[in-house]
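Participant: Reproduced below are the annotations present in TrEMBL:
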SIGNAL    1-18  signal peptide
DOMAIN    202-219  domain 'Tyrosinase copper-binding'
REGION    292-313  region 'Disordered'
DOMAIN    383-394  domain 'Tyrosinase copper-binding'
TRANSMEM  474-496  transmembrane segment
Amino acid sequence: MLLFAMGFLLVILQPSMGQFPRVCANTQSLLSKECCPPWDGDGSPCGELSSRGSCQNILLSQAPLGPQFPFSGVDDREDWPSVFYNRTCRCEGNFMGFNCGECKFGFSGINCMERQLRTRRNIFELTTSEKNKFLAYLNLAKNIPSQDYVIATGTYTQMNNGSNPMFRDINVYDLFVWMHYYASRDTLLGGSSVWRDIDFAHEAPGFLPWHRAFLLMWERQIQKITGDENFTIPYWDWRDAEDCGVCTDEYMGGRHPTNPNLLSLASIFSSWQVICTRSEEYNSQQALCNATSEGPIRRNPGNNDKSRTPRLPSSADVEFCLSLTQYESGSMDKMANYSFRNTLEGFADPQTAISNPSQSGLHNALHIYMNGSMSQVQGSANDPIFVIHHAFVDSIFERWLRRHRPMLEVYPAANAPIGHNRENYMVPFIPLYRNGEFFKSSRELGYDYEYLQEPALQSFQDFLTPYLQQARQIWAWLVGAAVIGGILTAVLTGLIKACRKKKGGTSSEIQPLLIESEDYNNITYQSNF
């Protein structure tokens with residue numbers, strides 16, 4: 001009770017982050033298309049009087065999209081968030097938030113100038129007290145209403161273009177479940193028609209940055225409702241696991257003794273109700289998930305379709321995936337070959353990197369293996385295993401970033417599926433974040449993984465790997481340059497000797513090599529790669 005009361009007080013006093021800010025979920029904001037709430041510190045919109053930010057027009061990417069979504073103007077998520085708002089807070093420096101009232105990830109302090117680096121740890125290495133605290137925090141989030149955010153229960157058209165707002169309250173945990181649903185839901189085309197080949201958080205380049213941002217927001221929300229500023233999400237290292245080691249009452253809930261599809265009554269998660277799991281029902285009604293309870297969490301780990309997912313991922317699968325040098329390739333969707341993203345997401349074979357959507361590897365394998373709420377994309381975040389699973393997926397993404405050290409330009413700027421270009425804003429987050437903002441080391445975002453810390457680089461080989469790979473890619477050019485350089489050196493040496501012989505006949509003094517300006521300009525002394 002004390003923890004609940006403390007969390008409730010904190011969530012009232014502090015802003016959060018997520019979907020539609022409550023202060024902007026009204027007719028005036030929707031009709032004006034402006035969401036620039038005042039910062040409590042000075043009462044001005046976006047904290048402008050304190051130089052924290054200002055209300056600005058949103059800047060949408062004009063880069064072309066891929067061919068996967070052949071429509072325009074039919075989905076509220078297109079050019080997010082312009083259907084709802086075209087003016088939001090643009091924060092300065094290290095400030096962040098829908099009203100610029102927070103610090104960017106990795107910063108803290110009154111003026112957001114203090115750097116912070118927190119460590120995410122293996123869930124099996126937590127002490128009993130730390131583990132129990134994590135479980136209590138999850139349950140707290142499930143039972144505390146979000147004070148700053150609401151969810152949309154209708155499309156913008158169903159809201160009569162903003163004149164009839166359709167929003168409702170939601171608890172903190174389910175807010176994130178709903179956001180995951182909203183990003184991955186089908187497009188409602190009217191009548192009974194839908195378009196299924198659309199997803200703003202999966203099956204494309206934004207998969208890893210989107211979930212990285214999602215976990216950071218979730219982590220910060222837990223820090224706020226509990227007052228525990230040092231809280232970090234633990235991860236479940238599932239490499240080479242023979243079964244679901246976290247599926248016990250001590251951790252994320254064991255199996256029900258008489259119904260293998262449900263959780264043990266001894267687990268706090270057995271009383272949880274899921275939301276947003278009935279996609280076909282929403283589609284037939286041309287409606288959005290309204291966060292109505294839809295029954296208990298379902299999970300039956302290991303009793304999945306073995307022809308699709310015969311086993312849990314191995315260490316070898318992960319290492320092969322990490323060896324892939326291309327972040328994205330080809331069509332940049334689930335058919336991409338030799339793509340690190342597509343292989344880690346699980347649509348490409350973890351031993352060949354060739355696309356095979358009929359099989360589920362790495363990330364996808366865990367979802368299918370759980371054989372329940374986790375196995376349906378839109379509602380998968382209902383199962384709390386989702387959080388610790390994605391924390392480990394994010395750590396693999398982090399290992400790839402450290403090993404290959406890609407420039408931001410490696411992330412596709414154009415022609416990715418809708419919502420996944422580098423400068424696209426992530427759906428459905430407000431405040432706004434672009435995909436490219438999370439395509440960088442976790443240390444820059446204020447967190448690290450315990451198993452990646454000592455040493456900072458796994459080995460001297462990890463240090464050399466990116467340079468060796470670059471050299472391997474340009475070795476032919478290097479050899480060619482060396483050959484050309486050798487030829488030029490020989491030619492120049494011959495010219496010098498010839499000049500010296502010519503000058504030597506007129507004077508016993510050795511003359512310096514003089515080259516007329518027009519001759520100098522004709523000598524090429526460097527090769528172009």
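Note: Cβ is positioned from N, Cα and C throughout, glycine not excepted.
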Participant: Please give the sequence-distant neighbours of the domain 'Tyrosinase copper-binding' (202-219): residues at least 6 beyond its ends with Cβ less than 8 Å from one of its Cβ atoms.
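Facilitator: 17-18, 66, 105, 176, 179-180, 183-184, 231-233, 327-328, 332-334, 341, 344-345, 347, 377, 387, 390-391, 393-394, 397, 411-412, 416-417, 419-421, 424, 426, 429, 433, 435-439, 442, 445, 447.
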Participant: Which bits of the chain, at least 6 residues beyond where the region 'Disordered' (292-313) starts or stops, bring a Cβ under 8 A of a Cβ in it?
Facilitator: 238-244, 247, 253, 255, 260-263, 269-278, 350, 358-362, 364-366, 368-375, 382-383, 385
Participant: Could you pull the average pLDDT for the domain 'Tyrosinase copper-binding' (383-394)?
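Facilitator: Computed over the domain 'Tyrosinase copper-binding' (383-394), the mean pLDDT is 98 on the 0 to 100 scale.
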